[in-house]
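> Have a look at this one before I ask anything.
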Amino acid sequence: MSIFTPTNQIRLTNVAVVRIKKGGKRFEIACYKNKVMSWRSGAEKDLDEVLQTSSVFVNVSKGQVAKKDDLTKAFGTDDLTEICKQILAKGELQVSDKERQSQMESMFRDIATVVAEKCVNPQTKRPYTVNLIERAMKDIHYSVKTGKNTKQQALEVIRQLKETMEIQRAHMRLRLVLPAKEAKRLKEKLKPLLEVVESEDFDEELEMVCLVDPGFYREIDELIRCETRGRGSLEVLNLKDVEEGDEKF
């Protein structure tokens, strides 16, 4: 005995639904769990890894596929790949309260981990533990923003924590080599970007070892490359200038 299955119905399991309302109609796509956030953060770039099917639905749970005319009217195209990308970018991820809570807790922990990896106590140069950063984030009532990636949020957390505790991004140790001709002029331009100059050696060229905020690395690199036309150099000696052992309160 054969069972008749309507052609406009597709059954899917273990699915994460992203929904959007457009032109007075509801459209949904069926994605793999955990992949939507990866796509939005840029970690996942393969659409096939995100979508369970490239079909666009009116209702995923009932398996009802959207009509071509409705899609064209709402999205201005019948290209399913393009429509899926639009829904992924602007749609709302449907998750249960339990899943949402678990997702938020996991992201909160990830943000704290990034902050702990990037920061130190400026007085002792020692890193903070992840648990300590988590407690500090709870003290300032930081709430996770699911639309932003963890790195962006970690930088925001660092800014907020600076108001309540001794914390700063760990300095990078760099060696700068500047041609003699441009050395004096370029050193003046670099001065505001350098936190500490640990050593200076001037022979045929100026060699400096210094500590800088990682946020200035690109600017310093660009300045040296442009001003010396590639004759100067920049070398990273340490990504983080830290003392051994964790910081404790």
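Heads up, residue numbers simply count up from 1 along the chain you see.
Placed from the backbone N, Cα and C atoms, the Cβ positions cover glycine too.
Automatic, uncurated: that is what TrEMBL annotation is.
What TrEMBL records for this protein is below:
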| type | residues | note |
| --- | --- | --- |
| DOMAIN | 14-101 | domain 'Ribosome maturation protein SDO1/SBDS N-terminal' |
| DOMAIN | 109-170 | domain 'Ribosome maturation protein SDO1/SBDS central' |
| DOMAIN | 172-239 | domain 'Ribosome maturation protein SDO1/SBDS C-terminal' |
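Tell me about the surroundings of these features in the structure.
Sorting the domain 'Ribosome maturation protein SDO1/SBDS C-terminal' (172-239) by DSSP state (H, G, I as helix; E, B as strand; all else coil) yields 29 helix, 29 strand, 10 coil.
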> Across the whole of the domain 'Ribosome maturation protein SDO1/SBDS central' (109-170), what does the mean pLDDT come to? Round it, please.
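Over the domain 'Ribosome maturation protein SDO1/SBDS central' (109-170), the predicted model scores a mean pLDDT of 92.
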